Amino acid sequence: MAGDLRSREINLEVGPHNFMAFDCNKERGDSSPDNCSRICTEGTLVQANPLSHYWKPKGLKSLNKLENQKSSHGSVPRDDNPEQEAEASDEASASTCGIRCFTDLPAALVCEVLARLDAKDLGIVSCVSTLLHALATDHQGWKKLYCERWGLPDLPDALNGPLLPGAPLDGKSWKTFFVEREFRSKSFMGRFNVDILRGHNEDVRAVFLLVSANLIFTGGRDSVVRMWKMEEGLLIDTSRALGGTIRAIAADSRLLVSGGTNAYIQCWRAVEGNDHLFHISGSGTDQNAEFRLWGHEGPVTSLALDSLRIYSGSWDMTVRVWDRAQMDCVQKFMHADWVWSLALRGNTVASTAGRDAYVWDIRDGELTSLVSNAHVGNAYSLAWTHLADVLFTGGEDGAIRLFNVSDVSDDEEDIKPVATWVPHSGPVHSLAFEYPWLVSASSDGRIALIDLRKLLTPKRSSKGLRVKSFDASAIEPPQRMLHGVGCDLFSIAIGADRIVCAGEDGSVRVWNFSEALEIERRAQALRSLRQENRMRRRKAQVEMNANGRRPDQCSIAMKKNQLKADKSATWHNKRAINEKAKS
């Protein structure tokens, strides 16, 4: 059977409009009904497509039914229903000619075809039939599309389990996760309101948004870490004074870390059964839930986490990698200047030191890329995308630059910026990226939002996912500027439908775009209702035309005249009442 299938040539054309067009009836240059009957038996189809319960060879069952009727009665009886007769004849002729459905292909080939499509094309495929809708909805390509844009989601309830889920979360499919996240990303151009969180006595240098747990962490010159509820804006817990200025915070569902001028990393483990994951005040809890990591010889300026390691950058010109299980430093990357920021992506970590940007491979500890003189002055901030090896840097000169480090050859001496934005008049202290938005915070008190959807649109190739070639037409200015802060901004974070920033006035501002999200949801529901009504009217019209009937024009005219008559009668009644009132 496998050899028989491999001997056939399958010419498949996939696209948004013609992905159903193919020919699989060729064998050694000829096509005959005998050859077609060998591959169109029901048993052969089941062996060729052991995919799932979605495979229902309806057409083949109908064909077998017709053949049984031929053998028992000598001729196929004519059905009274012309539609069923036409359907049966079409199925029989299709099977005789060797034209088969796209879903009759082997399961591995169908999955490979669907994996080559992007999100838009997968959506188009799901609208063709109920079978393709089920296949396209449950396809694992949605997980790949989601992770390329936003990475793997974090689970707040998996304290002792792995952080990398391999199956749909919370009973939802990966398509549902993708659609919800894509829909939520469009809310940043709509209405918003600003919530101000007050509690710090001095300037705030670090903010972190943990969307999966609905938490905001802040720290600053007052040497304490505060934990806030994102939705209500309430202060949940406050740590004791740690000594020195808190300059970096990072967290996931199992660990919270902070660092500052005291040169050590303060760590809190998540507490089992705690609604807010962490108990950072330290009173009445297990002593093992709080500990410190020593090793840096200067202030800790940046932190990052993954499921296995902790990454820290410091003014001692090093980036250290810590093992989360052993809590020991396992790697150290040396720089030529103070380390200002770092960003993590897979098995690589990027960092900025002085004017330069570095890209390190964690597996072998080698420097893979070096961007020299990225800015005029220090490169204070850094952001990295999940989609490709694209770095964003913000510097002392007020500029934001994009560097593509995926196509760097050995012959190139310097990596040139692909795009440059200058939305600020002061140094860019912080950058944050969540597809497709890049947000920046500057000492001029403004926040810039840059939509990178056109610039980071992926294209498929034989080498896998790559970003399309950059051109000047795809580089757009910032789509939105948020004003009204009036002070230097030192840190920013973006997640869900929130933007969190903080600065020298000691307050934390939360830009809430949930109102725009609700407005867009209502508008989308209204559009869906109108589309459904149009489809129903069109279906009713098609059925009436198929039955040879036309709408009763007389009844329609009578209804219109009846409405006019009702209006005229109401007018005459009002006129009689007015005349009586006058008399």
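Glycine residues also receive a Cβ, built from the backbone N, Cα and C atoms like all the rest.
Annotation source TrEMBL lists domain 'F-box' at 99-145.
According to TrEMBL, the feature region 'Disordered' maps to 68-91.
Per-residue pLDDT, averaged across the repeat 'WD' (197-238), gives 94. Taken from TrEMBL, the feature repeat 'WD' covers 197-238 (among others).
Residues or ranges marked as repeat 'WD' in TrEMBL: 293-332 (among others). Non-local neighbours of the repeat 'WD' (293-332) in the same chain are 162-164, 244-245, 247-252, 255, 257-265, 267, 338-344, 349, 351, 353, 360, 362, 365; each lies 6+ residues outside the stretch with a CB under 8 Å from one of its CB atoms.
The DSSP breakdown of the repeat 'WD' (372-406) into helical (H, G, I), extended (E, B) and coil residues amounts to 0 helix, 17 strand, 18 coil. Taken from TrEMBL, the feature repeat 'WD' applies to 372-406 (among others).
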Non-local residues, at least 6 beyond the ends, that sit with Cβ under 8 Å of the repeat 'WD' (197-238): 153-156, 244-253, 256, 258, 260, 266, 276-281, 488, 490-496, 498, 500-510
